[in-house]
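Student: Pasting a structure here, questions to come.
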Amino acid sequence: MPAKIISGKQIAADIRLELKDEVSELRKNDIFPKLVVVLVGNNPASESYVKGKIRAAEEIGMESVLIRYADTISEDELLSKVNDLNKDESVHGILVQLPLPKQISEQRVIEAIAAEKDVDGFHPESVGRMVTGLETFLSCTPAGIMQLLKRSDVSLQGKHAVVVGRSNIVGKPISLLLLQADATVTICHSKTVDLASITKQADVLIAAVGRAEMITKDHVKPGAVVIDVGVNRTDAGLVGDVKFDEVSEIASAITPVPGGVGPMTITMLMANTIESAKRHAG
Ligand code: GUN
């Protein structure tokens with residue numbers, strides 16, 4: 001039986017409706033959640049992501065501002081802008097779109113953002129709090145995956161979750177969130193020997209490697225839930241890390257690309273910004 005399609009597009013739309021209501025309640029109390037997105041240069045993928053973020057903010061009635069800089073901006077100039085935004089009481093969320101040009105240290109910029117406005121969840125303080133299970137801003141893609149699983153009634157307790165990929169943005173944090181949800185977690189990566197023998201044990205398989213269609217039916221146990229985090233631009237268009245056509249024949253549930261994890265990431269960014277505004281007011 002072909003897999004159930006976990007529609008991130010639909011689940012994200014449901015959550016955005018909830019967030020829209022929340023924003024309109026906050027506005028009644030003179031709280032106006034505001035997100036500032038900083039875009040340096042004009043990398044086409046970044047342009048597209050940023051557009052999506054601004055559009056989502058508009059859709060839920062939240063204020064958003066896009067600040068653009070040429071890719072010649074110096075690190076000092078960018079850090080100084082971040083400092084100004086940190087001090088600006090009207091701003092609840094600051095996101096500097098990555099990647100940044102090579103004259104700028106991404107890590108220095110991430111660490112310059114005030115932790116209480118770090119709606120990306122990339123600041124070491126946010127990461128450290130997440131690791132210890134404290135309240136914090138969760139980075140948006142892992143948070144979105146957890147929502148997808150929750151809202152699709154995928155149980156995690158005692159299940160074997162296998163994560164392929166160990167990036168700071170997805171692989172590492174999603175592994176910890178799955179662990180906190182009582183899954184038994186294995187992390188695989190480019191140096192893993194006999195990848196398929198491990199991924200085939202997964203009840204829940206998270207593919208976050210960034211290699212087009214590398215997870216095939218030979219990597220998947222029949223009945224597994226498969227979450228595809230990949231966004232690979234190929235000549236054939238946008239494809240995930242999972243060979244969807246064949247894996248969807250054996251999985252019990254699977255996310256498509258596009259329309260899976262992607263819309264959830266942006267939605268979690270909105271949720272984090274609203275949460276920030278509430279904390280600031282409270
Ligand atoms: N570039 C690609 N994804 C992201 C993201 O989630 N946040 C930021 N800041 N940059 C990105």
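Yeah, the Cβs are placed from backbone N, Cα and C, and that goes for glycine too.
Copying in the features that TrEMBL gives for the protein in this structure:
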BINDING   G165, R166, S167, V231  NADP(+) binding site
DOMAIN    6-120  domain 'Tetrahydrofolate dehydrogenase/cyclohydrolase catalytic'
DOMAIN    139-280  domain 'Tetrahydrofolate dehydrogenase/cyclohydrolase NAD(P)-binding'
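Can you tell me where each of these features sits in the structure?
Tutor: The Cβ of S167 (NADP(+) binding site) lies under 8 Å from the Cβ of A208, G210, each of these being in the same chain and 6 or more residues away along the sequence. In the three-state DSSP classification, S167 (NADP(+) binding site) falls within coil.
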Student: Among G165, R166, S167, V231, which the record lists as binding NADP(+), how far apart in Å are the two most distant Cα atoms?
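Tutor: The NADP(+)-binding residues span at most 16 Å between Cα atoms.
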Student: If you draw a 10 Å sphere around the Cβ of V231 (NADP(+) binding site), how many other Cβ atoms fall inside it, taking every protein chain shown into account?
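Tutor: Here the count is 19.
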Student: Here are some binding-site residues: G165, R166. Which one has the most Cβ atoms within 10 Å of its Cβ?
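Tutor: Comparing the binding-site residues G165, R166, the most crowded Cβ belongs to G165.
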